[in-house]
Amino acid sequence: MEYTLAIIKPDAIQGGKAGLILNRLEEEGFRIRAARLTRLTEPEAGELYAVHRGRPFYEALKRFMTSGPILALALEREDAVAYLRKVIGATDPAQAERGTIRALYAENKERNAIHASDSEENARREVSFFFSVQELLWTVEERG
Ligand code: CDP
Ligand code: MG
């Protein structure tokens, strides 16, 4: 089984959509292995989105991601990384396939409700950005 990282973004938390999004993730077969409601600092948001440093939207993205609480989720599922990208839809909700989380809940290309890791390597990096190995292991049901 594979892990990926999802973040329910400040717009969706503020808009009261966290429960609906979590429900959808569970219905899609993801197991929640770790979760944390937190608020990113500006350096944390910068580190998380380091690949976008220098892009025109980078500063605004950091402001948005630090504007309110987020819910970070370590999710487990077969083919988790690729499957979650399908379930969330395109970055711009206007381009997102009907029924995807972004098509349903995103406001616009920036305030787009949810983040998902885009590769297995980034999933490992992003899961460990938020969660310790202990936190991940302690919550695996099979351990009792
Ligand atoms: O989140 P995703 O992987 O689909 O998109 P990205 O290209 O990795 O961009 C990361 C985030 O930056 C997006 O989810 C948007 O919140 C924001 N963004 C933006 O505000 N304007 C853009 N033109 C592109 C991305
Ligand atoms: Mg991305």
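Glycine too: its Cβ is placed from the backbone N, Cα and C atoms.
Predicted automatically and left uncurated, TrEMBL annotations should be read as such.
Residues or ranges marked as active site, pros-phosphohistidine intermediate in TrEMBL: HIS115. Here TrEMBL flags LYS9, PHE57, ARG85, THR91, ARG102, ASN112 as ATP binding site. Per TrEMBL, the feature domain 'Nucleoside diphosphate kinase-like' maps to 1-138.
Shown on the structure are the features that TrEMBL records.
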residue	record	contacts (Cβ under 8 Å, 6+ apart)
LYS9	ATP binding site	PHE64, MET65, ILE70, ARG111, ASN112, ALA113, ILE114, HIS115
PHE57	ATP binding site	GLU110
ARG85	ATP binding site	ALA116, ASP118
THR91	ATP binding site	ARG102, LYS109, ASN112
- Close to ligand 1, in the sense of Cβ under 6 Å, among LYS9, ARG85, ARG102 as binding-site residues, are none
- Note on the structure: Per DSSP (three-state), HIS115 (active site, pros-phosphohistidine intermediate) is strand
- In whole Å, the longest Cα-Cα distance within the recorded ATP binders LYS9, PHE57, ARG85, THR91, ARG102, ASN112 is 21
- Item | C-beta crowding around the residue listed as 'active site, pros-phosphohistidine intermediate', within 10 angstroms | 20
- Quick one: DSSP breakdown of the domain 'Nucleoside diphosphate kinase-like' (1-138) into helix, strand and coil? 64 helix, 26 strand, 48 coil
